[in-house]
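Report on the following structure.
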Amino acid sequence: MPYTAAHWGSYRIDRDTGTLLPVEGDPQPSRIGKGWASASRDRDSRIMKPAIRKGWLEGDGGAGRSGDRYVEVSWDEALGHCASELTRVRETHGNGAIFGGSYGWSSAGRFHHAQSQMRRFLNLAGGFVGARETYSHAAAEVLFPHILGLSNRAFQDEVTAMPSVSGACEIMLAFGGISPRTAQVASSGTSRHEVAPWLENLANGKTRLISVSPRRGDLERAEWWAIRPGTDTALILALCQEIIAAGRANEDFLKRCTSGYDTFRDYLAGKTDGTAKSAEWAADICDIPADTIRKTALELTEKRSLISMTWSMQRGDHGEQPIWAGLALAAIIGQIGLPGGGYAFGYGCTTPVGRPTRLIPWPSLPQGVNPVSDFIPVARIADMLLNPGSDYAYNGETRTYPDIRLIWWTGGNPFHHHQDLYRLEKAWQRPETVIVNEHSWTATARRADIVLPATTPLERDDIMMNRRDPALIYMSALDAPIGEALDDHDIFARLAERMGFGEAFTKGKSSAEWLEHLWERAGKVAEAHGFALPDFETFKAEGRFDIPDEEEARIALSAFAADPEGSPLATESGRITLFNEKIAAMGLADCPGHPTWMPPVEWLGAAEDGMLQLVSGQPDTRLHSQNDRGSESLSDKVQGREAAYLHPETAKANGLTEGDIIRLSNQRGACLAGLRFDDGLRPDCVFLPTGAWYDPQIVDGVLLEVHGNPNALTIDKGCSGLSQGNIAHTCLVRVEKWDRPLPALSIDRPPIA
Ligand SMILES: Nc1nc2c(c(=O)[nH]1)N[C@H]1C(S)=C(S)[C@@H](COP(=O)(O)OP(=O)(O)OC[C@H]3O[C@@H](n4cnc5c(=O)[nH]c(N)nc54)[C@H](O)[C@@H]3O)O[C@H]1N2
Ligand SMILES: Nc1nc2c(c(=O)[nH]1)N[C@H]1C(S)=C(S)[C@@H](COP(=O)(O)OP(=O)(O)OC[C@H]3O[C@@H](n4cnc5c(=O)[nH]c(N)nc54)[C@H](O)[C@@H]3O)O[C@H]1N2
Ligand SMILES: [Mo]
């Protein structure tokens, strides 16, 4: 049976109809998959031939790198430009002038993973400046090693398995909810979506579910605490303080398993800043009644309670604080390491977090070694381009931004994912050359000088093997490549050949031979885990292999909590740090040595009249900007624009009705969107999902994003000098009716001259 797979699920291929059917045994196939094939086949958005930007050919130095037209060229000509630019920049400025961070969620296949292919190529070409961490959870990635002694990845691997939660948890305080919307996705692919059935089970069981979120829909059938966005830290500090003040802190756990409690306790009590972090104090900040906070604080200590947080919590200003405070609260309650208790990070954010599946480190394409050690924290891209040579703080270091002359991006969409895209637009004009491999005319492809058309995952064979998934899938091509598109591997293989290191890049293997080679290596991994894989031909013919005895129970931090001396954490004290000496010694005003409430740069507590909080979460119908031109995403638009959600009362007060086109704006930018109502949204918020293809145009003399991309409005600033993570969820906007003629989209047709 032919199969294929994506980050949003696995599919059987029906050759008779040329369609995709959800894989057997998936309890809740994703909505996203419905729009995949149509997006891949959309000739208006696919890149058919290599293309060069006109202004670049005319030597505009990058000034015209938005809204320009393209000329189609042969592969030979396009690759010739790539090779000579790469050589010129290397020889003139060195490999440290090449940015290959190339963040993004390209294919779920192990071999045709765009970034891996590009990095293998650039490493052989002398290296590149890379990017650290992710847009998803940079603050956690930098913070957790300090306070937990674990990488975010290692902690994610041991998050308590979902069945152990349903069996034992009595109160779950879920910050940001837990949503089947985001659980549609798994980085590197999935064969099952089991979060929705798990939530159903929880809601029907004995667990009291409390969802702390500006949107009721983030956790259906839960008690809803409609918190003012960006204020979770204050709420959590008050929960801590009320527990301590009532004499209910778990002193035994704190003594055995934490360090720095006394300093944190003094801060909570107001000894260091004169303000006790009481329920009343937090109530004013968070808009949650003091009584509710106080009562729940005590209840958390009386029952088996779990503090669960979504990743969104840390994609905000001072994003380190809520997740650190949440861990501190769990420590004060003292149930870390027990089934159904303690601390969790990421349930529902992707489908595998908390999945009771044993983890198997499947092989991937070897990328080689990067001779250039320089990097940036991933979300500092615009700062880097605008300020070469300037210093910035990062995780205890003072680092210097490199001077980038050439950008190469493959498998990511910065003009989707970055904040304040008007600013990125200016920064993006700085480099001498931008090369992008893409299958579609995304906003980033439209801002490249040399555009190399790639195949989609539906146009090639590959293997899905995700260390967190119970199935392995042989991905068979559904369609032939469109136009002149080539696999990223073949693009880089041809270029490597041209530049004299073809053999080193391909190792003399064809793509099919690489797949077989990866499968052989996978066989050795399986053997070490006590089972055998079928031979390659059998796997290819059967399309799917299910891992035997896959279940494995896991309780986060249980070994440590049971024996902190015998299984210490790799922190400065061997224990969870509630005050961290090393972070304190960094002397960062925006990330002190213990969890601290600091108002965000923008928030409703200090907003002008009429400003609303923009919540730009993940879209239900797509993966970020992927498949935006597919049927499922298009069917959800309003007058062809992304739908923004307002509380009906807010809409009424602003003279708006459902179906209207609205304009969202602030000092940074403006965008249009189509209006829908949601009475489960805080009335002072507007929800606009990410991912509508960025389409800025000059309308009546002013720049206006006309499609509904929230990153026309968001703030481009780091969480703090510790992590420099993005702060996408910290943003205020105004909303008004758009009653002028609706400008036509430009991203629905190719930018060919
Ligand atoms: N306002 C706001 N912004 C956000 C967020 C938010 O919450 N709010 N969330 C952030 C988060 S968590 C993330 S992870 C980022 C996501 O940001 P990205 O990962 O950059 O977004 P994608 O749209 O998934 O981009 C993947 C790109 O790879 C391309 N692609 C897919 N397959 C292939 C392939 O085989 N070859 C090549 N060459 N290209 C391919 C797709 O066409 C697509 O353009 O967005 C961030 N941005
Ligand atoms: N369908 C779909 N699923 C996805 C993705 C996708 O593009 N589409 N992307 C995947 C990726 S890359 C990632 S990183 C994850 C991200 O997973 P999350 O970070 O969990 O996703 P978000 O949708 O950004 O945020 C979840 C909810 O947090 C709430 N929230 C926002 N600000 C605050 C706040 O200040 N306080 C509180 N308490 N709540 C707040 C919002 O109401 C929002 O609905 O999703 C993954 N899943
Ligand atoms: Mo993400």
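Note that Cβ sites are derived from N, Cα and C of the backbone, with glycine treated the same way.
Feature annotation from TrEMBL assigns domain 'Molybdopterin oxidoreductase' to 46-498. The domain 'Molybdopterin dinucleotide-binding' annotation in TrEMBL covers 612-731. Summarising the annotation, TrEMBL assigns region 'Disordered' to 22-43.
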> So what's near the region 'Disordered' (22-43) in sequence-distant terms, Cβ-Cβ under 8 Å and 6+ beyond its ends?
Replying inline: 3, 6, 8-12, 180, 184-185, 191-197, 439-440, 456, 458-459, 471, 473, 478-479, 482, 544, 620-623, 626-635
> In the domain 'Molybdopterin dinucleotide-binding' (612-731), how many residues does DSSP assign to helix, to strand and to coil?
Replying inline: 13 helix, 37 strand, 70 coil
>> Could you give me three numbers for the region 'Disordered' (22-43), the DSSP helix, strand and coil residue counts?
In response: 9 helix, 1 strand, 12 coil
>> Over the span of the domain 'Molybdopterin dinucleotide-binding' (612-731), how high is the average pLDDT in this prediction?
In response: 98
